[in-house]
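Peer 1: Encoded as structure tokens, here's the structure I'll be asking about.
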Amino acid sequence: MSRPLTDQEKRKQISVRGLAGVENVTELKKNFNRHLHFTLVKDRNVATPRDYYFALAYTVRDHLVGRWIRTQQHYYEKDPKRIYYLSLEFYIGRTLQNTMVNLALENACDEATYQLGLDMEELEEIEEDAGLGNGGLGRLAACFLDSMATLGLAAYGYGIRYEFGIFNQKISGGWQMEEADDWLRYGNPWEKARPEFTLPVHFYGRVEHTSQGAKWVDTQVVLAMPYDTPVPGYRNNVVNTMRLWSAKAPNDFNLKDFNVGGYIQAVLDRNLAENISRVLYPNDNFFEGKELRLKQEYFVVAATLQDIIRRFKSSKFGCLDPVRTNFDAFPDKVAIQLNDTHPSLAIPELMRILVDQERLEWEKAWEVTVKTCAYTNHTVLPEALERWPVHLIETLLPRHLQIIYEINQRFLNRVAAAFPGDVDRLRRMSLVEEGAVKRINMAHLCIAGSHAVNGVARIHSEILKKTIFKDFYELEPHKFQNKTNGITPRRWLVMCNPGLAEVIAERIGEEYIADLDQLRKLLSYVDDESFIRDVAKVKQENKLKFSAYLEKEYKVHINPNSLFDIQVKRIHEYKRQLLNCLHVITLYNRIKKEPNKFFVPRTVMIGGKAAPGYHMAKMIIRLITAIGDVVNHDPVVGDRLRVIFLENYRVSLAEKVIPAADLSEQISTAGTEASGTGNMKFMLNGALTIGTMDGANVEMAEEAGEENFFIFGMRVEDVERLDQKGYNAQEYYDRIPELRHIIDQLSSGFFSPKQPDLFKDIVNMLMHHDRFKVFADYEEYVKCQERVSALYKNPREWTRMVIRNIATSGKFSSDRTIAQYAREIWGVEPTRQRMPAPDEKI
């Protein structure tokens, strides 16, 4: 007789291996049915379209979880160096279609839903965007997660699970109105709450100095509960984790100092603690020094570092003890990437843990911290740099302020030794800024506490070394690197533009999807008539589809044969939507002046959100809508010119508009846009670019050849010269008749007859304090736009230029960006090796 199984042997039956999902249509239908009835508890008589979306989402999720568990088991067994990407924003968008693409499930799901009498595209439209970001910085983090999984890195994204993401934008009477984005209202099928990993985060209190060292006591505690979202790589069976923290009040919150009748109030006050993860701050490239925002920044850092250290200590490898207690190996096992200065408190927090709790000597703790952390800078705009008032940090994080002071003292000692007698340099480089309000410069903290500092495009990284971080570069030149941004070709080509992905695959195969440099092979098809025809046909289909979408959603009719001229990005003075407006009015005035002349028809679309407190950005939106009201209702113009403001621009709208674009507007003042990533998405999707030599535009023009790019305007050096000379808008107003006419129209109320002075703030800014020199580039911009129209009249030549752009966009894959971070900052090697599938033996 066989002996009875031990408990451990019995438990071996609990394995993911026996549960591997079969990825065929019959099984998918069966699972869809099971989830509709058993998970959602609905039958077909009462199921809504949203129920069908959820059933499909859960069905697809089933194919993720086996791989997810397997991947995490693999990391535990092999103990690779872990990469921790810390960001206050992850602008994910929708997850369903991206998951199907990366798991190669799309065709089977399409067929299964079709057989069930459902339309998969309609179901995909039901999903809410996860709008946990403002713009480029948050979307970059999402693209990076996709690439890290695709390159087999043991990577984790850490951030905040905001209950309300970026606001929904409604246009009412031409003005932006904000509505709360209640994206979790119906639940989120992609996240898994992990209450068992809840961690305490401390605020306020005071510091006690004991014989054992400093102790942070009498603190208020807020709990951080993690929610995990799977991040699948492209067809390699790797599924990484994005862990977002949600704030919860502890059970004894406000009850310790219980007073009679205070119980109900204490329970109601739990909201105050939980407000930490309530809402994303809607500022892009602007610092707002609010206490709640500082709490958010520390909250994500404190919870994440506890998690990182727990995982480091409980690893299978590295020492004979059941847990690691020695931190010498920490930088060999952990890399922390700071996405801008928002998570910069990771540096003093890691020091606090190592010195106060793990009892390391300061020098050793500092060595570990610097080797572990790296910092990415995203902007040179002074108003965007984080400078926290000392009094705020002192109240909220008293121990961290002491640590920052100590870091500063030791850092300035090094500076003084390297540059004896240079007192002004000490002032410039200090982490502490003296003034009416004493502040901590978080960028300086990040540079001092990191082993690598990078900009996000070549020109931006050079500007950092020559200007805002010049002193730091002179002290430690080895720290400074460039990592030009990229985008994931899975979402931004295969998923959003399947027609184009298909005609490319027909010529060069599918390998380019995980190796975008292969697009170069398309250069041999620049004169291939059938390829030219196919590319043009896909673009026309995308334009028709987007026209139908605009008609259905916004009741606006546009001419699909017109040139689609598109500028979509956050509304900000430096991005110069106003320059675009001046060109539109120029075109309008020219049509009115010579109504019988032939004009290349254009549909100009501008979209983007303005920060709720940014008056000028909101006025810019009002101007765009006012221009549209005049232009679109003028019978003389007809369909030769249309101006559309795209309401509520977000990831899911970008996926529709970018594949339909003919012309991409990337027109920031040279030296202001760190990189840009929208520019790359347009290039990959077959639009031509009109742009300044700024950010990644410089490298895009270099890759494609300047002759395949519409470049105009001042270079960085020209802007500097103009600054030295003094920019005088009046000179341009006096010299350029068309420009003068436009400004006079704006001043006289031509575009706002009911409120003639509506745009006086815009005119006043443009004429008297325009930091971004719109007039200086006006003439060249208009001339460059004339070249665009001339080329558009020759469809074959236009499409050949499009093909050259697509073929040279390979550099701008986030896979390339992440491979460079991996090798040059994190010290790990990317791989395209497949992980075994859940049903395969390891």
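Note that Cβ sites are derived from N, Cα and C of the backbone, with glycine treated the same way.
Swiss-Prot feature annotations, pasted as is:
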- D43, Y76, R310, R311, F312, K313, S314, S315, K316, F317, G318, C319: AMP binding site (BINDING)
- S2: N-acetylserine (MOD_RES)
- S15: phosphoserine (MOD_RES)
- Y204: phosphotyrosine (MOD_RES)
- Y227: phosphotyrosine (MOD_RES)
- S430: phosphoserine (MOD_RES)
- Y473: phosphotyrosine (MOD_RES)
- K681: N6-(pyridoxal phosphate)lysine (MOD_RES)
- S747: phosphoserine (MOD_RES)
- S748: phosphoserine (MOD_RES)
- C109: site 'Involved in the association of subunits' (SITE)
- C143: site 'Involved in the association of subunits' (SITE)
- Y156: site 'May be involved in allosteric control' (SITE)
Peer 1: Quick check: of the binding-site residues listed here (D43, R310, F312, S314, K316), which one has the Cα closest to that of S2 (N-acetylserine)?
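Peer 2: For S2 (N-acetylserine), the spatially nearest of the binding-site residues is K316.
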Peer 1: Compare the Cα of Y473 (phosphotyrosine) against each of the binding-site residues D43, F312, S314, K316 and report the nearest.
Peer 2: F312
Peer 1: If you count other Cβ atoms within 10 Å of each one's Cβ, which of the recorded positions Y156, Y204, Y227 has the most?
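Peer 2: Going through Y156, Y204, Y227 one by one, the largest Cβ count within 10 Å is at Y156.
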Peer 1: According to DSSP, which of helix, strand or coil covers C143 (site 'Involved in the association of subunits')?
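Peer 2: Where C143 (site 'Involved in the association of subunits') sits, the three-state DSSP reduction gives helix.
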Peer 1: Calculate the distance in Å between the alpha carbons (Cα) of S748 (phosphoserine) and the residue listed as 'N6-(pyridoxal phosphate)lysine', and round it to a whole number.
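Peer 2: Their Cα atoms are separated by 39 Å.
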Peer 1: Minimum Cβ neighbour count within 10 Å among the recorded positions R310, K316, K681: which residue?
Peer 2: K316
Peer 1: If one measures from the C-alpha of K316 (AMP binding site) to the C-alpha of Y156 (site 'May be involved in allosteric control'), what distance in angstrom results, rounded to a whole number?
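Peer 2: The Cα atom of K316 (AMP binding site) is 19 Å away from the Cα atom of Y156 (site 'May be involved in allosteric control').
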Peer 1: Work through the binding-site residues one by one (D43, R310, F312, S314) and name whichever has its CA nearest to the CA of C109 (site 'Involved in the association of subunits').
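Peer 2: Nearest candidate: D43.
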Peer 1: My understanding is the cutoff is Cβ-Cβ under 8 Å with a sequence separation of 6 or more in the same chain; which residues meet that for S747 (phosphoserine)?
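Peer 2: Same-chain residues close to S747 (phosphoserine) (Cβ under 8 Å, separated by 6 or more) are F759, K760, V763.
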Peer 1: Quick one: Cα separation, Y156 (site 'May be involved in allosteric control') versus R310 (AMP binding site), in Å?
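Peer 2: So the alpha carbons of Y156 (site 'May be involved in allosteric control') and R310 (AMP binding site) sit roughly 14 Å from each other.
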Peer 1: Counting Cβ neighbours within 10 Å across all chains shown, tell me which of the recorded positions S2, S314, S430, S748 comes out on top.
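Peer 2: Counting Cβ neighbours within 10 Å, the top one is S430.
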Peer 1: For D43 (AMP binding site) and C143 (site 'Involved in the association of subunits'), what Cα-Cα distance in Å is obtained after rounding to a whole number?
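Peer 2: Cα to Cα, D43 (AMP binding site) and C143 (site 'Involved in the association of subunits') are separated by 37 Å.
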Peer 1: Taking just the CA atoms, what is the gap between Y204 (phosphotyrosine) and S314 (AMP binding site) in Å?
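Peer 2: Counting only the Cα atoms, the answer is 30 Å.
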Peer 1: In angstrom units, rounded to an integer, how far apart are the Cα atoms of S314 (AMP binding site) and Y227 (phosphotyrosine)?
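Peer 2: Approximately 21 Å lies between the Cα of S314 (AMP binding site) and that of Y227 (phosphotyrosine).
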Peer 1: Are there any residues in the same chain, six or more apart in sequence, whose C-beta is under 8 angstroms from the C-beta of C143 (site 'Involved in the association of subunits'), and if so which?
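Peer 2: Within the chain, C143 (site 'Involved in the association of subunits') has Cβ neighbours under 8 Å at G486, I487, T488, R491, W492, T677, S814.
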Peer 1: I'm trying to understand the geometry here, so how far is the Cα atom of K681 (N6-(pyridoxal phosphate)lysine) from the Cα atom of Y227 (phosphotyrosine), in Å to the nearest whole number?
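Peer 2: Cα-Cα distance, K681 (N6-(pyridoxal phosphate)lysine) to Y227 (phosphotyrosine): 30 Å.
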Peer 1: How far is it from S430 (phosphoserine) to F312 (AMP binding site), counting Cα to Cα, in Å?
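Peer 2: One finds 33 Å between the Cα atoms of these residues.
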